[in-house]
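Worksheet: one structure, shown below.
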């Protein structure tokens, strides 16, 4: 009888332990990128993704850098989303540029103090650069390009250039580290009341941060185009040119049309490799993933790697003189014609952007 009673107690304890582990409170650290005193839209999408993990999830935003722009970005982050519980600010000259080595050491330090269950970053150049190195320091395997969160440890990500979806269940130790596609986690407009309830901002203690550790990369310079066009990753309208434009001079037609439409400019890998435009305009599997309301492609054949970056677009319009181009298989509207005749006619007939 005593043995049976003891077994019953052990079973109850085992069941209680499993229930407790299933309902463990989650805490998520979002790695945020900031520019010009504000965190980027993709970082806000990472917060939105963190909210999808659990209703009781405590979300912290980690920012790093130096100077007034960091402080302004922290203030913006504190009110960027109602799910944000706190903002952690790491102010150091060694963190002024988003290099993988110092950022990975910073994440390791913050994780040791905070013991977060999840660490999330947007799947852009910032997150892809930093998160894998931080995961190696923390001895965990990251899950990349998540487009859907089915549970606290179950995720959906595309494979085979987006032709198939894979459901992944994370069974490793904490933290569970993710990069998410920002286009899959759109952020709803924030009410004025939510903006007024700003989260507290705390300074990260960097007294034990090994700033002087020799890294294998160094910051050289940052080149950016001075343009009033919207950001490619978040634009409502994107106009993309491919190899069919034949030269950098001809690609200016795409830029002129984009100005008329108030659109962002994109390019295929072939156009970038040919030197028509810089590589930060590349759209596709190895470039930027976009999901605009309107995507217009001129002279784009429709390689599978390019299609992987535009699948979430609401409406796709393709113009190509080759009627058999693969781009027409995914386009909502297609025009078989010479882009050197179509683009000038569009520019002429479209009104100037107000």
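Count begins at 1; order follows the chain as displayed.
Glycine is no exception: its Cβ is also placed from the backbone N, Cα and C atoms.
Those TrEMBL annotations? Automatic predictions, nothing curated.
Values in this document were obtained by computation on a predicted structure and should not be read as measured data.
These come from TrEMBL:
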BINDING   243, 268-269, 282-286, 299-306, 320  FAD binding site
DOMAIN    28-213  domain 'Electron transfer flavoprotein alpha/beta-subunit N-terminal'
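Sequence features, as recorded in TrEMBL, placed on the structure.
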residue : record           : Cβ contacts under 8 Å, 6 or more apart
243     : FAD binding site : 268, 270, 271, 274, 299, 301
282     : FAD binding site : 266, 267, 268, 269, 272, 288
285     : FAD binding site : 161, 162, 305, 306, 308, 309
300     : FAD binding site : 240, 241, 242, 244, 268, 306, 318, 320, 325, 327
303     : FAD binding site : 268, 269, 270, 284, 326
Restricted to the domain 'Electron transfer flavoprotein alpha/beta-subunit N-terminal' (28-213), the mean pLDDT of the model is 90
